[in-house]
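Asker: Dumping the structure here so I can ask a few things about it.
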Amino acid sequence: MSVQLKRLTVVGLGLIGGSFAKGLRETGLFAEVVGVDKDPRSRARAVELGVADRCEATLAAGCAGADVIMLAVPILAMEKVLAELATVELGQAVITDVGSAKGNVVRAAEQAFGAFPAAFVPGHPIAGSEQSGVEAANASLFQRHKVILTPHERTDQQALRLVRKLWVALGAQVEFMDISHHDEVLAATSHLPHLLAFGLVDSLAKQSENLEIFRYAAGGFRDFTRIAGSDPVMWHDIFRANREAVLRILDIYRADLDSLRAAIDTGDGVSLLGIFTRAQAAREHFTKMLARRAYMDTMHSQDVSYLAKPGGRLSGRVRVPGDKSISHRSIMLGSLAEGTTEVEGFLEGEDALATLQAFRDMGVVIEGPHNGRVVVHGVGLHGLKQPPGPLYLGNSGTSMRLLSGLLAGQSFDTVLTGDESLSKRPMGRVAKPLREMGALIETGPEGRPPLTIRGGQRLSGMHYDMPMASAQVKSCLLLAGLYAAGETSVSEPAPTRDHTERMLQGFGYAVDVQGNKAAVKSGGKLSAGKIEVPADISSAAFFLVAASIAEGSELLLEHVGINPTRTGVIDILRLMGGDIQVENQRVVGGEPVADLRVRAAKLKGIEIPEELVPLAIDEFPVLFVAAACAEGTTILRGAEELRVKESDRIQVMADGLKVLGIKAEPTPDGIVIEGGQMLGGEIDSHGDHRIAMAFSVASLRAHDDIVIRDCANVATSFPNFLGIAQGAGIQVAMESKA
Ligand code: S3P
């Protein structure tokens, strides 16, 4: 336990100062909490309400002997208070404040003290309410709210640690920021919205004929203008204190407002739809952040764990979400097409959404997704615009590799970035052949992301013999081929998924496929159409294995894409003795689709035929679980590609299976697994969605609980995995935090 501090002095007993004093008084961290306020009534009320032990009228009386002095006065009063504070004997006291603009506080402190005092820790809690005054003081006001500390270069580290500790004791989340960055961020996220709210209400109110409007104003007006009820004096101070940063963001907003005006004036509906759909997507993203859901940020992903209980049996019918590969391509080709493409069954997972957002950022108007429906207003092969910043592609290798080909042929520069896992994945495999076509691409060290792609290059078609079986590399080059002079062709060492070739043809673009070689010529155009995305066989695979290994199961998987370049998982399971029937086969939008009926079966270990590896490349994590439940040994070779997926899937699966008591020996290009009894244990999925789902399936045959760490990325490919898994009979749920 740390020693109790002697005295906290809070100058200014309004909502923020009063709440800080009251909250810390309740923690007992200080022997005494002293309030300083000019207003005698506030001083008396503060003591009555338990906000402070005693109150003083002057700084000199209040600050004597204080360990910490919190300045919670209005921002423009800060100058005067600091000047007076500089004349008071402060001893070792640490000073901090809560001003919502920091540059001016720092300047005022420098002026008052001659140089910035090392004991001063500027801060700003992002909390408040429309209420004000000491009566509104609330000890839990800062709980789960952010507090930004903006230490000056002269700020003493010990003082910084102490102030941080106080905010943490109040339940706040403390972050650090550079002073000017803080002021820019707050100008945009807080000051501008308040300015607009005050301004709009005033504009409408001062025109007498508009007063009528208020009588009919409904939710929209109320929501938008709620903050115009805030304290006018405080806000008038803030705009004067943060003048430069506010003016900068206001000018940007004025220009955008002019564009909106022009779009309305000229009846430009597509531009309006573009602005509104982008804004809606950004707002949804923000709502998720507010709900503290992990999103595109692996920092948080480690927080999500699954708890899978042993045993269970699968039954019923399941329709898993849309195919990831086809969903990516529907946005890409829909954007490059002429006309409007309607997509049904789109996968609303983070990977495909990253592609969707990238095209929105390049000026494509995209409506949705709403229940799997997306409408893409194509801009033609030459209609993309330079995005405002780097394109962040999250966890999605497909987005980055396919986009790199497409972007190499544009007239503008782009930068492609991704999360921690994507940032480790090899991009040399696309950068090298693209450079041979004349593209200018810079990668990070060892050919890893980020990728910087220089626009305005003349690409020339060429033939490329792919050294590895990769649909992403093939697709990347075919997309670059749409922009390269002459013909671009790719041949692959083994068949890989051919969704790009099929969809290009579906959009009326000629692709010449001869054996293992696919070729395109530039100069054509894509014509928009309708796309129906089948359920993803890679997601269905978890249930194919689950129903196979859980005794007494029978499950029907509906509307699954069974493109022959994707069905390796069915072939491998059948070779192991699996009972899978393909029913109701049909062709939907150029892709074969069927319902898959799977029954429990006694599986046996096999040597997996190497030619099936590319046809089941994403399904191996769960196939390894099938191997662990099979009688005998399963041997996989020729699958070194698994080492460079979202994680090193050979190593991570071997480690996890060993935790469960299974003999699993990794080899450079595969694994050897002995079937056996699975125990329980704690598994690290390394943020790999398919590993997390594979071990959820393993629980069906485990003897004890399996806890799976780092599962947030399941949302990249299979949103609502837990709901669907539970509905089918797998006892897996989010682990509740103790
Ligand atoms: C994909 C191709 C495969 C696969 C990935 C999706 C695609 O990657 O693993 O999940 O949509 O083209 P590789 O091309 O690296 O094998």
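Any Cβ shown, glycine's included, is placed from N, Cα and C.
From TrEMBL, for reference:
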- ASP618: active site, proton acceptor (ACT_SITE)
- LYS324, GLY397, ARG425, GLN472, ARG649, ARG690: phosphoenolpyruvate binding site (BINDING)
- LYS324, SER325, ARG329, SER470, GLN472, ASP618, LYS645: 3-phosphoshikimate binding site (BINDING)
- 6-294: domain 'Prephenate/arogenate dehydrogenase' (DOMAIN)
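Describe each of these features in terms of where it is and what it packs against.
Answerer: For ASP618 (active site, proton acceptor), the same-chain residues lying six or more positions away in sequence with a CB closer than 8 A to its CB are SER538, ALA541, LYS645, ARG690.
DSSP gives LYS324 (phosphoenolpyruvate binding site) a helix state.
Close to SER470 (3-phosphoshikimate binding site) in the fold, though at least 6 residues off in sequence, lie ARG429, GLU492, THR496, GLU641, each with a CB less than 8 Å from its CB.
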Asker: Looking at the binding-site residues ARG425, GLN472, ARG649, whose Cα is closest in space to that of SER325 (3-phosphoshikimate binding site)?
Answerer: GLN472
Asker: According to DSSP, which of helix, strand or coil covers ARG425 (phosphoenolpyruvate binding site)?
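Answerer: Looking at the DSSP assignment, ARG425 (phosphoenolpyruvate binding site) belongs to neither helix nor strand, so coil.
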Asker: Which residues does ARG649 (phosphoenolpyruvate binding site) neighbour through Cβ under 8 Å, counting only same-chain ones at least six apart?
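Answerer: Non-local contacts for ARG649 (phosphoenolpyruvate binding site): PHE620, PRO621, LEU642, ARG643, ASP688, ARG690, ILE691.
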Asker: For GLN472 (phosphoenolpyruvate binding site), which residues of its chain lie six or more apart in sequence with Cβ-Cβ distance below 8 Å?
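Answerer: Listed in sequence order, they are GLY397, THR398, ARG401, LEU402, VAL430.
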Asker: Where ligand 1 binds, which of the recorded positions SER325, ARG425, SER470, ASP618 are close by, with Cβ under 6 Å?
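Answerer: Only SER325, SER470, ASP618 meet the Cβ criterion.
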Asker: Of LYS324, ARG329, ARG425, ARG690, the binding-site residues given in the record, which has the fewest other CB atoms within 10 A of its CB?
Answerer: ARG425
Asker: To the nearest whole angstrom, state the Cα distance for the pair ARG425 (phosphoenolpyruvate binding site) and ARG329 (3-phosphoshikimate binding site).
Answerer: 21
